Amino acid sequence: MPRRGVVELRRIEDKVSRQVRFSKRRAGLFKKAFELSLLCDAEVSLLVFSPAGKLYEYASASIEDTYDRYQQFAGAETTVNEDQNRNDDEASLDLQSQVKEIATWSVQNNAEESDANELEQLENLLRNALRETRSKKMQMLGTQNSGGSTSSAQNCKESRDHGTRCPDLNCASGE
């Protein structure tokens, strides 16, 4: 059986060939949508408009119900993202205020001439700023690596189980 060649992805110039390819690809896409819904019990809706403007659709359930569900989900996602952005903004402002406080301290005080209490205040300011920076970094790494659903330790363990390198760049396991 001959192997299929790699298809160069570019617009097909010949109108008849383009229409034939569209029909075959559309049929394959609808077949995959059907298989996904049947095998995985997924709710699938697919809308395709031809170059001529004709509508082709497939839905494992009602398209209207699926669209309503999508709208509810998209609205909920927007609310969650807005809350997360608001929390991130507040944390950034807090960290910025700490950095400003450190900068103000360094302008007003000379470390060489400061007493132990003043140096301890500076140390506490730096420690708090570092703690918040690390917390923010870990939060961002967790979100990037797994959509926020798994911890760094879980990612490391899963990597070891699958024989791959841990995605956490600061992982102590070195695997």
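Using the three backbone atoms N, Cα and C, a Cβ is placed for every residue, glycine included.
Quick look at what TrEMBL annotates:
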- 141-156: compositional bias 'Polar residues' (COMPBIAS)
- 2-62: domain 'MADS-box' (DOMAIN)
- 133-175: region 'Disordered' (REGION)
Secondary structure content, the domain 'MADS-box' (2-62) (per DSSP, counts of residues): 26 helix, 10 strand, 25 coil
To what whole number does the mean pLDDT across the domain 'MADS-box' (2-62) round? 91
